[in-house]
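Asks: First the structure, which I've put down as structure tokens, then a few questions once you've had a look.
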Amino acid sequence: MSKNCPECGSSRVVEDDLYSQKQWVCEDCGSVVSEGLLTTTLSEESHSRAVPFFTSTAAFKKPCRNLVSGFSRLRALCRIFRLSSSMEDASANLFERAYNHPNFLHISLSKKQILAGCCMFHICRQNSWPVFMGTIGYLLDADNYQMGTIYQELTKSLNLQTTQVCITRMLESFCYDFKLAPDEVEEVFSVAQQRLVDQTSALLELAADTWILTGRRPFPLFLAAVYVAWQSLNPLARMKYSLMKFCKIAKAPEQLWCKSKDTINKRLNELLEVLCKLGRELPWVRPTDIQMNTVTTLVEDILKHRKALLILAVKHYEKQLEETQTSQYSESELSDSKSSVQTQCKSPPDEEDEGCELPPDHWGKRHLFLPPCVRTQKRQKINEAPLEVTGDEDISDSEIESYIRSEEEIKLFAKARKKICKY
């Protein structure tokens, strides 16, 4: 080959070792003279453009392993709930959008799996599919609070519009979890599925009219309503069975009642209390005979005349309230009673005021059925004083002895104590 540079015409062409490949390079202009390269001349090098590494390898980039595991978990959930292929694809697309969002890039793997469940839950809500968030959280082994926070963050980050599912459709799917068909349990316990759904939905409408359903999670109230409806369909034979016994008879899933027994019992007592208030307004029943353990025998009549009984109960309560107010105003020691009530309600912030009664002129006294936030008083926050620990506190002998375990340490401590006492 010629020893002259084709760019500048210089004859100062030397051999240069580049790693394991030898090249001929011009010393004057620096161009590569040897063949076999993409660019061999200085003019070609001047017109070239640098390409970033991530751009050159974008076509061959593999998806992240966390994204792949999230997709597999999402598709497994879709198969469990038997979603259609279109809903499954929509859930996968939504999960991919959420996964690449900056708010979800640096979260843990467990939270990314919860994010996949939240994406499927949102698609189910859009298609009016009756799926509970608690059921998805149970399958993902996630806390309800944690799943709720991630779902709220998902809707805020992607500007998603949440849709509400009809409570009757949710109730139907909930009632089918109880195995109460004639071929599954004894005849005493069996009930038609549609009849149970109708009775439970009527009880839920009553709960909504009396503010029991307001601001509450649906699971505990659903279970309490199903239990009361099951008892009311054959009260004489089923009154002796408790709520937990009913769950075992119906083979209800454990996630429905095991973790929230206290909440379910509270909703059950509230529902029975409302039924007792309305049952006392029935003209053929003596009010003294109405009790919470026997009111299920009157559920059919109460639900049949629900609207009329609600009006009668409110009217009788307002009438009794007017009579009590007139009797109080007729007393001569009215001012003393007001001052005593005010002094009773003034309690220090560190004490619970659950037993404190509201003053007579409070608006909550004028209504029979109230929302839960009005019926129950809020617990006052206890501001604990911070512990002032400086590290210079004296340590008692009993506390020192509690840290000693072996006999050798006791002997060493006794010797050291004797030496200290000598000085």
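Here the Cβ of each residue, glycine as well, is placed from N, Cα and C on the backbone.
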Asks: For which of the residue intervals 1-34, 341-374, 375-408 does Swiss-Prot record zinc finger?
Replies: 1-34
Asks: So how many of the residues in the repeat '2' (171-245) end up helix, strand or coil by DSSP?
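Replies: Secondary-structure breakdown of the repeat '2' (171-245): 45 helix, 0 strand, 30 coil.
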Asks: Mind checking which of CYS5, CYS8 has the fewest other CB atoms within 10 A of its CB? They're the binding-site residues.
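Replies: Among the binding-site residues CYS5, CYS8, the lowest count of other Cβ atoms within 10 Å belongs to CYS8.
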Asks: Using a 10 Å radius around each Cβ and all protein chains in view, which of these recorded positions has the most neighbours: CYS26, CYS29, CYS373?
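Replies: Neighbour-count leader: CYS26.
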Asks: Cα of CYS373 (cysteine sulfenic acid (-SOH)) to Cα of CYS5 (Zn(2+) binding site): how many Å, rounded?
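Replies: Answer for this pair: 91 Å between alpha carbons.
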